[in-house]
């Protein structure tokens, strides 16, 4: 194994961050370490602790030009059974295959190290750069995400801060670093549906109303519905039922209600209000006595080809020689909150094959490549 002092600045920082057990929403002083580095490089620092969540906002530059923000999270998901890991998940070692192993290596302490080192180099090489380089970092991405990026964005918007471009360090790559970037995400709309019946004895169904029998045709119709056709950037909106619960546990009792939980992953072709109305129309069509609690996790967003996507794509080409693919697949990310400011958002990070898994790992050399891509993107946009 390579000695720590012989590693690149990016890998040294990545290892230092991984060795801090920052299971969400705990930051474990990861942000303190990043702020120390950025402060030494001349960034203005603004810690923002909101409830039990650590966040910070940092900027470099005094011009009125465009703002390029790096966004990310220091929190990680729990390790799962430590005995299932080949190493201590918070020890952070580079194995004989050149893989950096540890919780957060891919998601997303590797990216945090790459963007920090890239920004340090850029402001040293171009101290009078155009506009501003910014960082928006949270410890509440893997958890509820109420007091992290969402809350910071609300504060920034309230004081009329502008973010023109944002690179989120989520692990976007699939096989090779930079082979895929995310230029958008689907929206996520969840629902808890309660269908009310009348409880009774199974031998006397005429004295009861079975909510399972009543709800089944409506749920089947919802599952078969074509909500939209998608577009050039998004697949069609999907509807999935994740839970259905009813019954008292007894075999001779007709239950009094049924609860179904479902989720839409929706494209820009659909709206929250439109989906809610269509669901209500189908439920009413079946004559149900129903109630829904809706939960919107995020609206869909899309960054079409333009300054940011062009700069990221050409930087990947310059450094790796490969053409990148822009995709909107996958789950939600904090990019959904930043996009509400009218910001162009692109997610670019290392290979995501082992995120949230036991023995999470990333090719160590990829983080140095990622640093170069971030650095070149800074040059193209702000030098």
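Cβ atoms here come from the backbone N, Cα and C positions, even for glycine.
If you take the C-beta of residue 73 (Zn(2+) 1 binding site) and look for same-chain residues 6 or more apart in sequence within under 8 angstroms, you find 108, 137, 138, 139, 140, 141, 142, 148, 149, 334. DSSP classifies residue 73 (Zn(2+) 1 binding site) as strand under the three-state reduction. Here Swiss-Prot flags 73, 107, 170 as Zn(2+) 1 binding site.
The active site feature in Swiss-Prot is assigned to 75; the stated evidence is sequence analysis. Taking Cβ-Cβ distances under 8 Å and a sequence separation of 6 or more, the neighbours of residue 75 (active site) in its chain are 22, 23, 24, 25, 26, 27, 138, 139, 140, 141, 142, 143.
The Zn(2+) 2 binding site annotation in Swiss-Prot covers 107, 142, 356. DSSP assigns residue 356 (Zn(2+) 2 binding site) to coil in the three-state reduction, outside any helix or strand.
Per Swiss-Prot, the feature active site, proton acceptor maps to 141. Residue 141 (active site, proton acceptor) is surrounded by 28 other CB atoms, counting those within 10 A of its CB over all protein chains shown.
Around the Cβ of residue 356 (Zn(2+) 2 binding site), the same chain contributes 77, 107, each under 8 angstroms and 6 or more positions distant in sequence. A 10 Å cutoff on Cβ-Cβ distances gives residue 142 (Zn(2+) 2 binding site) a total of 22 other Cβ atoms nearby, all chains included. Sequence-ordered, the extra residues of this chain that approach the Zn(2+) 1 site, with Cβ no more than 8 Å from the Cβ center of 73, 107, 170, are 72, 108, 111, 141, 142, 168, 169, 171, 333, 349, 355. Taking the centroid of the Cβ atoms of 107, 142, 356 as the Zn(2+) 2 site, the other same-chain residues with Cβ within 8 Å of it are 76, 77, 104, 108, 355. Counting only same-chain residues at least 6 apart in sequence, those with a Cβ under 8 Å from the Cβ of residue 170 (Zn(2+) 1 binding site) are 72, 107, 108, 111, 182, 333, 335, 347, 348, 349, 352.
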